[in-house]
Each structure stands twice: as structure tokens, then as C-alpha cells.
């Protein structure tokens with residue numbers, strides 16, 4: 001039998017050959033964590049030491065979660081969806097991805113959830129053009145363009161006094177049931193003419209984000225848009241009241257991501273957040289369940305950042321990036337008309353103006369119930385056509401003076417002629433600004449209407465005859481003159497146009513029959529200027 005010998009050199013050579021030819025196994029490795037506790041839309045997960053902030057996690061039943069808190073021993077996860085099937089001890093796995101949604105023109109006319117999945121029963125969404133992360137950065141200052149292009153709402157009270165421009169953030173604020181959603185829906189419907197023009201520079205794609213509303217309310221909004229033919233260019237992102245707090249929290253970011261895709265492709269977008277009060281409440285509940293320190297009104301300390309990083313994405317980008325825009329209409333609900341509460345003041349400071357809807361005005365049948373004194377647009381005349389800017393210059397100050405004089409006149413027994421004329425003018429202007437829902441005006445119709453009111457052509461009418469007179473006048477001018485066409489094509493209000501309008505109004509007045517069945521009498525419009533006051537002259541040396 002041969003003697004067995006050990007050759008160190010052979011052993012070394014064999015090991016070197018093995019190491020040089022070794023290839024790691026192709027079997028993938030994956031971190032696995034476990035649910036420690038779960039409930040109320042929140043799960044605490046142990047393990048997953050490599051998890052990143054805002055990373056997507058998957059539970060055993062396929063439900064997604066968002067890594068919110070990264071503590072030393074566990075992760076606080078916001079469950080995106082139904083949490084009934086998530087129990088203690090179940091496995092949780094990392095995805096290595098952050099939250100994103102599909103984007104593209106396939107979303108037009110569809111109703112989707114905050115994850116971008118269709119919920120309208122019309123099948124899968126086609127024509128997807130990629131994905132965009134929800135926490136996308138807003139355009140920086142050098143990539144923005146000043147807001148200088150009007151976005152018409154079709155509402156006389158807003159377009160004339162608090163105009164909105166493409167790329168602006170205009171807050172709609174007021175108590176519940178004061179017509180906030182109605183203004184937003186009317187604005188969406190008013191974009192129909194631009195969409196049907198086929199001009200990409202005029203077309204506006206609309207996104208309506210419903211946060212924490214009743215399912216029946218969202219269905220009603222969808223039906224209203226369909227009846228008006230506006231769903232063709234509108235996307236609804238729905239997170240109804242029955243959804244988890246996580247869905248209500250991310251819904252506005254989903255709508256914003258869909259809109260940013262169009263904005264960076266040179267298109268114009270209008271996005272409505274209805275409403276951000278519900279999103280803030282959902283974020284507060286998430287933060288409290290995750291034991292984050294509460295602050296004012298129990299909101300977490302970063303609730304301002306919650307809304308600022310969302311609304312800063314609304315912008316008009318420079319021509320180098322395509323010249324697109326995304327206009328934001330955030331809605332915030334107040335309690336007892338208190339605009340000094342935490343969330344209202346936060347959003348007011350972020351946005352470029354606010355439209356304040358007063359419940360007292362709404363109950364007095366002044367709709368839209370815009371409070372002229374506190375409503376403002378920080379873009380101003382830059383977001384108006386030259387024609388509307390010219391005729392509406394005195395409208396806001398006239399109404400503000402009327403409000404103050406009206407309260408004074410309640411206690412005064414005798415007023416001078418100028419004050420009476422100012423009260424008459426203000427009452428007729430207030431009546432003129434009333435407008436039914438789903439009845440938008442074109443910009444040229446608004447010019448004619450506002451000019452008629454500010455130049456005293458309505459002052460001798462009974463208040464109940466103001467709106468019938470206005471409608472009859474617009475029909476008369478449309479069928480018998482080229483005034484509306486001229487204003488529409490030139491976007492200017494020249495002296496010749498004004499003279500032609502003045503003549504047309506006088507001609508129509510001679511044919512108008514009031515509600516009492518009597519024709520109008522020719523009356524000289526009283527001036528609203530103050531009458532001169534006779535003062536005793538004091539001559540030097542007189543005794």
C-alpha cells in the first residue's frame with residue numbers, strides 16, 4: 001500500500017485554483033422584517049436595517065406601506081390601503097423604490113386612486129408615458145417665468161377683481177357650504193372652449209383632487225363635469241372619507257405628479273386640491289399615531305412644509321423647459337369665518353392670493369359669495385387681458401367703499417346726493433356680480449358686463465331687473481354688433497370700441513321692458529362725485 005503524503009504546495013495550488021474560479025451564487029438576497037404591531041393604518045416593523053426614508057415596503061398580502069419613521073429598533077410604516085389583513089408577525093419586505101405613479105395623456109377622462117390605479121370601471125389606463133415620483137422637487141427660481149398669462153374662471157367677480165394667472169397659486173377659503181367647490185368646478189368647465197380650439201398654447205388639462213369627501217359628493221362632481229363635457233380633459237384623483245389616512249396624505253402629491261409631467265412637456269395644467277384641511281388632518285393623525293411631537297392645534301411641527309412643498313410645484317416654467325404651467329387652486333375650510341387659524345394662515349402665506357367666501361353673503365343669496373375686502377390676487381393686472389384690466393380698474397374700490405358706506409348708512413337719517421348715488425351704484429354692481437353655477441362668461445362678455453355696471457348704465461334699474469337687462473344686452477350685442485368679436489380678437493378695449501358699446505347700450509335700453517312691464521325712462525345718471533361744499537371766505541383785515 002502506497003504511503004499517503006501531504007504536499008503543502010499541492011494544497012495551496014488547489015485552493016488558489018478554487019478561489020480564482022469561484023463565482024458567487026445568483027440567488028438574490030433580500031432583507032426581511034416582521035410586523036411588531038399594526039392598527040389604525042399604522043404598522044411598527046422590526047428588522048430591515050437598510051430601509052430608507054419614504055421607501056416603499058410590501059406586506060404579505062401585497063399591501064404597500066411607506067417608511068415614515070426610522071427609529072433605532074423599529075420602523076414606523078404608513079399603510080397605503082386596507083390594513084385589516086395585516087397582523088403581528090407577518091413578513092415585510094423592502095422594494096428599494098420610492099413612491100411613484102404612472103403619468104401620461106391616458107389619465108384624461110379617468111378617475112384614479114392615490115396610487116394611480118383606475119377606480120371608474122373603464123379598464124386599465126392606456127397611453128402611459130412613464131412614471132414620476134411623488135416627492136418631486138419644485139422648479140427653482142431660475143427655471144420659472146413670471147405669471148403674465150390669464151387663466152379665465154368665467155366668473156365675473158373673480159376675473160375682474162381677483163384675477164388668476166397661469167402658474168399662480170390662488171387659495172379658495174371659506175366656511176363649509178359657501179360655494180368653494182362650485183368655483184373650482186366652474187373654472188374647470190370654463191376651460192372647455194380652450195380645449196375645443198385645438199391650440200396647445202390655449203388648452204388646459206385639469207386635475208381635480210378630492211380629499212376626504214363623501215363618495216357621493218365625488219360622484220356628483222364627476223357627473224357635473226360629464227354633463228358639461230369637461231371630463232374629456234379632466235382627471236379626478238379620489239381619496240374619499242372611507243380611505244385610510246395614508247391615502248388622504250399622498251393624494252395631492254399624486255395629482256401634482258401627474259400635472260408636473262404635462263407642465264414639463266410644455267402644456268398648461270389646472271389642479272384643484274379639495275381640500276387641504278382634510279389632508280392636514282390626515283397627516284396629523286398619522287403623526288400622532290407614530291408618536292411625533294405635537295405642536296399648535298396638535299399638528300406636527302412640519303405641517304407648513306407639508307403644504308409648501310406641494311404648492312411650490314405650481315409654477316409657470318421658463319421657455320427653456322417648454323414654457324408650460326401648472327395653476328393651483330387649493331381649497332381650505334374655515335370654522336366660523338376664522339382665517340387666523342393655523343392651517344388657513346399657513347396656506348395664505350404660501351399662495352399668491354386668496355378668494356375668501358363669506359357665509360353671510362352666501363346666505364344673503366350673493367353667489368359667488370366673494371368678500372371683496374379680504375380677497376386679493378398678488379399677481380393682479382398681470383393676469384388680466386388689457387380690455388378687462390381697463391374696465392375693472394375702479395370696480396373693487398367702488399365695492400369696498402360701498403360696503404363701508406352701507407354700514408354707516410344704517411345709522412344715518414339723511415345722506416347727501418353723492419352718498420345716495422354711491423349706494424345705488426354699489427347695490428347695482430353687487431347685483432351684477434351674481435352668477436348662477438355652471439354658467440361661465442367669456443372674457444369679452446365680462447368686459448361688456450363690467451363696463452356697463454361701472455359706467456352707471458344700470459343705476460336707474462330696479463335691482464331685480466339688473467341680471468335680465470345684462471343677459472338681454474349681451475344677446476343684443478352678440479347678434480347686432482361686432483363688439484364681442486373685436487374684444488375677443490384684439491383683447492383690447494379701444495375708444496372706438498367703447499363708443500360703439502355706449503351706443504349699443506343706449507339702443508338696447510330703448511327696447512328693454514322692465515319686470516313691471518314698463519319701458520325704461522331716460523334718466524340722467526347721477527354723478528358719484530362729492531358735491532362741492534360752500535365755505536365762508538375770510539378776507540384779511542375784515543372785521
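For all residues, glycine too, the Cβ spot is worked out from N, Cα and C.
Listed in Swiss-Prot for this protein:
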| type | residues | note |
| --- | --- | --- |
| BINDING | 174, 175, 176, 177, 178, 179, 180, 181 | ATP binding site |
| SITE | 375 | site 'Required for activity' |
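The two recorded residues, residue 181 (ATP binding site) and residue 375 (site 'Required for activity'), have Cα atoms 17 Å apart. A 10 Å cutoff on Cβ-Cβ distances gives residue 178 (ATP binding site) a total of 25 other Cβ atoms nearby, all chains included. In the three-state DSSP classification, residue 181 (ATP binding site) falls within a helix. Close to the recorded ATP site, the chain also has 333, 357, 359, 362: residues not among 174, 175, 176, 177, 178, 179, 180, 181 whose Cβ is within 8 Å of the site's Cβ mean position. Around residue 180 (ATP binding site), the C-beta neighbours below 8 angstroms that are at least 6 residues distant in the chain are 172, 173, 174, 274, 275, 331, 333, 357. Counting only same-chain residues six or more apart in sequence, the Cβ atoms lying under 8 angstroms from the Cβ of residue 176 (ATP binding site) belong to 333. Ranked by how many other Cβ atoms sit within 10 Å of their Cβ, the binding-site residues 174, 179 place 179 at the bottom. Other Cβ atoms within 10 Å of the Cβ of residue 177 (ATP binding site), summed over all protein chains shown, number 12. Sequence-distant contacts of residue 375 (site 'Required for activity'), defined as residues of its own chain at least six apart whose C-beta falls under 8 angstroms from its C-beta, comprise 161, 162, 353, 354, 355, 356.
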